[in-house]
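First up is the structure itself, then whatever we jot down about it.
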Amino acid sequence: MRTSKFTIFIRTTVIVFIIYMMLAWAWNSMTNTNFWKPSEMAISAVLTVLLFGGFAWAITNFGMGLIYGRSQQYDAYRRGGGDPYFDSLPWPLNPDSRQVRETGMAEPRTSFVPPASWKFQCPVCGARQPTRICVCWNCDYGSNGDSSEYFQKFGNSKPPEISEQDWAEIRSRHDA
Ligand SMILES: [Zn+2]
């Protein structure tokens, strides 16, 4: 599961608050003054994150919608709970792995570690695979020729790494 948007908001606000407090401390110790109480800095941090974060969020979602609005893969990503703004935020704001950002599914803990070149995930258990449709080495998904879980998650679009020929066969099996 992706880290919730609320948790990311809190993490970001705390980090901005800490930065503000350090700036306030630096200013006050340099000038020997006592400006900016922690409560004022906390309110400023919340407002800063809401204003700049909200603005960046709106721009990102609007822009990605313009560019990829008609892409089935983008549509599947959105339906799976993806948000192009939150999913692109770096650690420590968003601590999710690349896999979780892309599909919302964490990789299962297994004794076999898939090679780095396996970039796709089993739609059932989240284990990394060389292609989006194959027999899963972890949960055996696909061994009975049923790929309906894939279609449910990613829609009807052909994954780029699957050949036209294989895709035609997978489609005909699925539609049967
Ligand atoms: Zn699996």
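Keep in mind that glycine also has a Cβ here, set from the backbone N, Cα and C atoms.
The following features are taken from TrEMBL:
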REGION    152-176  region 'Disordered'
TRANSMEM  7-27  transmembrane segment
TRANSMEM  42-69  transmembrane segment
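Tertiary neighbourhood of the transmembrane segment (42-69): same-chain residues 9, 12-14, 16-17, 20, 83-86, 88, selected by CB-CB distance under 8 Å and a gap of 6+ residues from either end. Across the region 'Disordered' (152-176), the DSSP tally of helix, strand and coil residues reads 15 helix, 0 strand, 10 coil.
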